[in-house]
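Right, one structure below, let's go through it.
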Amino acid sequence: MSMQTAPIKKITLNHLQAKKNQEKIIAITAYDALFAQIFDPLVDVILVGDSLNMSFFNQNDTLSASVKMMLYHTKAVCAGAKTPFIITDMPFGSYKDEKTALKNAIRVYKETQASAIKLEGGKEKAKLVKTLTNEGVIVVGHIGLMPQFVRLDGGYKIKGKNEEQQKKLLEDALSLEEAGAGLLVLEGITTPIAQTITQKIKIPTIGIGSGKDCDGQILVWSDMLGFFDSFKPKFVREYLKGKELVQNAIKQYADDVKKGNFPNELESYH
């Protein structure tokens, strides 16, 4: 008689770290309860990303996202998804110093059911990561292409193309791991250095536009499901023509209304 493993009720950091070199971590973004509930049984990690400022609020970058905004959407995601490990982005300016970072990270933990917070930056953030973890906050690091630095960088630029950048990325990864980061997001870095970092550090790496050798992958759900056709990053694979499917359904609905075919007798009360 074979023993069946009981389904995991809630994915924890320990579960994710146990996947290192064993099984790929599946991650996706979500910003509301509806989609979080749909994604719940299919993914390990849901990121409530400040990317919502672009994909949800139609802004040019993530910089105007606020703590209030992130709390609102994190609460919604936590209401819809019960099993995945839920990470909340710390928005631009919310961790500019230790006092501010502690205040906002603790607020996230008190007001939502988020599993962890994510912040951008390399070894210069190591002391802050250590301070947060000492207070019981799980921190996810984020290095490489960092959207909160897009104006400083002059655009969305791939990192790791030269030896100097590769050395810095590895130093950043090792420093964040030593400081206590539980996971590390690698965004927009060349495949060889992403592979090196993944091999050198003991915590899992989750890649976005950083090659297949990371311990897991994440995509913005609206990119992956084909809801934006104005611009598609090279690293995005569309698994659905979502915009086209929804528009066709709305056209059919509008046509039925105009022709008097909706509602019909079965859809009406008497």
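Glycine residues also receive a Cβ, built from the backbone N, Cα and C atoms like all the rest.
As recorded in Swiss-Prot:
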| type | residues | note |
| --- | --- | --- |
| BINDING | D50, D89, E120 | Mg(2+) binding site |
| BINDING | D50, S51, D89, K118 | 3-methyl-2-oxobutanoate binding site |
| ACT_SITE | E187 | active site, proton acceptor |
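Annotation for E187 (active site, proton acceptor): spatial neighbours H142, I143, G144, L145, M146, P147, G207, I208, G209, S210, criterion Cβ-Cβ under 8 Å with sequence separation of six or more. Within 10 Å of the Cβ of S51 (3-methyl-2-oxobutanoate binding site) there are 21 other Cβ atoms, across all protein chains. Comparing the binding-site residues D50, D89, E120 on other C-beta atoms within 10 angstroms of each C-beta gives the minimum for E120. Counting only same-chain residues at least 6 apart in sequence, those with a Cβ under 8 Å from the Cβ of K118 (3-methyl-2-oxobutanoate binding site) are L47, I87, T88, D89, M90, V139, V140, G141, H142, V185. A Cα-Cα distance of 13 Å separates S51 (3-methyl-2-oxobutanoate binding site) from E120 (Mg(2+) binding site).
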